[in-house]
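For reference, the structure discussed in these notes is given below.
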């Protein structure tokens, strides 16, 4: 009788800890916003940042926007969100 109760207690403890960790990691979502009026997007300026894995997704997002002739508006790695601007590159 002792063994099943200890096992269930540990199971509840582990499941509550994992839910707390999942909630904390989702709070740390970062959205990178780019404004073409203040500084136009330059892919060479991100070369230093590409060593961080999360920026790589936004770099690909920016290249996709540039292929369409648009500026990048927002990029979020966690949500896999990539939005291009409405206005064309001049």
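Cβ coordinates come from backbone N, Cα and C, glycine included.
Residue 58 (disulfide bond) falls within a helical segment according to DSSP. If you look up Swiss-Prot, you'll see 58-75 (among others) marked as disulfide bond.
For residue 61 (disulfide bond), the same-chain residues 6+ apart in sequence whose C-beta sits under 8 angstroms from its C-beta are 72, 75, 82. Feature annotation from Swiss-Prot assigns disulfide bond to 61-82 (among others).
Among the features that Swiss-Prot reports, disulfide bond is placed at 65-84 (among others), with the record citing similarity to another entry. Neighbour list (residue 65 (disulfide bond), Cβ cut-off 8 Å, at least 6 residues apart, same chain): 71, 72, 73, 82, 84, 85.
Marked as N-linked glycosylation site by Swiss-Prot: 23.
The region 'PRK6 binding' annotation in Swiss-Prot covers 67-87.
Annotated signal peptide per Swiss-Prot: 1-19, in sequence order.
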Q) DSSP helix, strand and coil counts for the region 'PRK6 binding' (67-87)? A) 1 helix, 14 strand, 6 coil
Q | Rounded mean pLDDT for the residues that make up the region 'PRK6 binding' (67-87) | A | 85
Q: Could you tally the C-beta atoms, other than its own, that fall within 10 angstroms of the C-beta of residue 84 (disulfide bond)?
A: 19
